[in-house]
């Protein structure tokens, strides 16, 4: 009778334990199932020992304890499967956490690189905008090449490019002949009709014809017409534009030298 009463108490405890174990973690449920299996196994062994010694135990009570033990063992096996699945899931979670940490590190590195690239691109865009502004400003204030050439000619004609070593501010000397020096020189005297006959550097026929040889003709288009017309007499015609009979090699060399000087003086005076 004591064994039957203990078996009934065990049934009540197991029933209450199953109701409470439903809201616990898997680990607690496994521990509870192990304790129940241990208690049921001990109870079954005691019942078998008593029935063997005294032969007073009823067969129904032994079967009930055995059924409870089998049922509890089935629950324990289910919990073991659940624990294994949860262990696999936990392992996968750990792997995923490591992967997430790695990806997070990669994202931070990429974010750093993107910030650097953004800064570089912002600088490049700013510089490009400034260049576009400069280009637009240059287009609006464009200057023709002729104006630049004229301005360069004025600078070269009115400013020195290489001053003497003893030159000081206010010194009138220049590293090139001034307009006054050019007019008082040999070339300036050649252009003066009153002194052409005295110098004798040009052939007599050319002077008599009232013209300069072709090599002495001005090299600038804006001077050629005016100077040629000034050198021609009123009754001059195009029939006299042939080379003079007295033209020779010596006079040609002198004329070439003087023509070079004439070109330089014309550019400076303009």
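A Cβ is built for glycine as well, from the same backbone N, Cα and C atoms used for every other residue.
Annotation comment: Swiss-Prot describes 1-22 (among others) as region 'Disordered'.
Feature annotation from Swiss-Prot assigns N-acetylalanine to 2.
Per Swiss-Prot, the feature coiled coil maps to 24-48 (among others); the stated evidence is sequence analysis.
Using a 10 Å Cβ-Cβ cutoff, residue 32 (phosphoserine) registers 20 neighbours. Marked as phosphoserine by Swiss-Prot on the basis of a large-scale study or a structure entry: 32.
Over the coiled coil (90-131), the average per-residue pLDDT in this prediction is 95. Feature annotation from Swiss-Prot assigns coiled coil to 90-131 (among others); the stated evidence is sequence analysis.
Residues or ranges marked as region 'Disordered' in Swiss-Prot: 226-270 (among others).
Swiss-Prot lists 259-270 with the feature compositional bias 'Low complexity'.
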